[in-house]
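Peer 1: My structure is below; once you've seen it, I'll send some questions.
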Amino acid sequence: MAASEDTITDDGNHTVELTVLDNEESAANGGSAAASSEEITPLLTQIERPKINIFSVSRSRRKPRELVIKAPETEISPVSQFMLWAWSGSRYSGLLCMALSSVIYFVMEILSENFTAQSIPLFETAFVRCTVTLILSYIWLRRIGLPIFGATHPRKLLLLRSLVGYLSLLSFIYCIQRIPFSLAILLSFTTPIMASIVARIILYEKLKITELEVCLACSFSGMLFIFQQMLTTQGTEKTEEASNSSFRGSNHIYAALIGFFSSITGGISYCLIKAAAKATDQPVVTVLSFAILASPAAGICTFAFEEFVLPSFNSLSLMLALGILSFLAEVFLAHGLQLEKINKAANVMFMEAALSQLWGIGTSSIAPSLGRLVGCILILISVSFTMFFGPEKENE
């Protein structure tokens, strides 16, 4: 190993000195340097700072003195709370949904009686309502993220429910155009009785004798008391106008049989609604399936059997409002049938007739009579008994 050293003299000349070392000496010097470095290194080593991450940061458990401002909770109105409770909040939900459906149908009756400014054919009215129901059902299912046609296995039930339901609607429209209005309504209220009987056959629902005789028989007896005077006198002028003056001789027998057939198919439709709603776990699917068939079918019947009437702005607004209410009533009806036994749920439907009569008596549009009052009292007692003592401890 060689080392060089330069020195500068006074005259500016450089002098270079060379020193030659042996290998052994150089190795000894290298070993001593390494040894000295090993001794010095620990003295120069600095303590490493601990690494800090989000998991090792210690936070004080003391609460800050500043006031914590919490986000205000969303306030739910009492009406919304009641609707949520009625929909699925108690064992009374099934009967409450049926009651809400009857109340909505009652409101629809009041609106159609007091705000109708133009005579619209029945098939045209049914077409508008079914179309509005179709649109709202589609939007409902899209918003909650469910498939439009539901699962595969209940589609046969949905199709059968749509066919039977529209057949019942078609028969009722034919009936109401050819017999007195009071008789047509009385026949339509035999539907709950038919539904209870059919449910025992199709759905194997156990029906107690007291439920059939005391509740349904009491409600239907109230209907007979209400319409007794109308049936004997063939109704008032308003009833005669509603029947379109088509009550002719022995033709009413054939029309009445059609109306009774409508009640039977309506009872079967209720059973199919219950079965399909339980299979799909979504009552709106049953409403949509009916509207898909009924809307185009009612449109075809409008142009095939009746003369199309262009509605005015007020009439169209009323028809759209009734369509929205009809959608809500059908949804509550399907959910009520889904949760409760049909024989109990169907009895609540008689409440619509009692409310209609009491409203007419209160507004002086219907002459009060003993028969009407007795009929309303019988219906309200029967419905109250079903509401308070009818629900099962656990809904199916």
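Placement of Cβ uses the backbone N, Cα and C atoms for every residue, glycine included.
Annotations for this protein, taken from TrEMBL, read as follows:
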TRANSMEM  92-108  transmembrane segment
DOMAIN    94-227  domain 'EamA'
TRANSMEM  120-141  transmembrane segment
TRANSMEM  157-174  transmembrane segment
TRANSMEM  180-202  transmembrane segment
TRANSMEM  214-232  transmembrane segment
TRANSMEM  252-273  transmembrane segment
TRANSMEM  285-305  transmembrane segment
TRANSMEM  311-333  transmembrane segment
TRANSMEM  370-390  transmembrane segment
Peer 1: Which of 180-202, 285-305, 311-333 has the most Cβ pairs closer than 8 Å to the transmembrane segment (120-141)?
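Peer 2: Looking at each of 180-202, 285-305, 311-333 in turn, the most contacts to the transmembrane segment (120-141) are made by 285-305.
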Peer 1: Note the mean pLDDT of the domain 'EamA' (94-227), expressed as a whole number.
Peer 2: 85
Peer 1: In the domain 'EamA' (94-227), how many residues does DSSP assign to helix, to strand and to coil?
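Peer 2: Counts, helix then strand then coil: 105 helix, 0 strand, 29 coil.
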Peer 1: Checking distant contacts: for the transmembrane segment (370-390), what same-chain residues at least six beyond its ends satisfy Cβ-Cβ under 8 A?
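Peer 2: For the transmembrane segment (370-390), the list is 92, 95, 99, 211, 214-216, 218-219, 221-226, 228-229, 340, 344, 347-348, 350-351, 353-354, 357-358, 361.
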Peer 1: For the transmembrane segment (285-305), find every same-chain residue at least 6 residues outside the stretch whose CB is under 8 Å from a CB in it, and list them.
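Peer 2: Same-chain contacts beyond the flanks: 121, 123-124, 126-127, 130-131, 133-134, 137-138, 141, 146, 148-150, 158-159, 161-163, 165-166, 169-170, 273, 276-277, 327, 330-331, 334.
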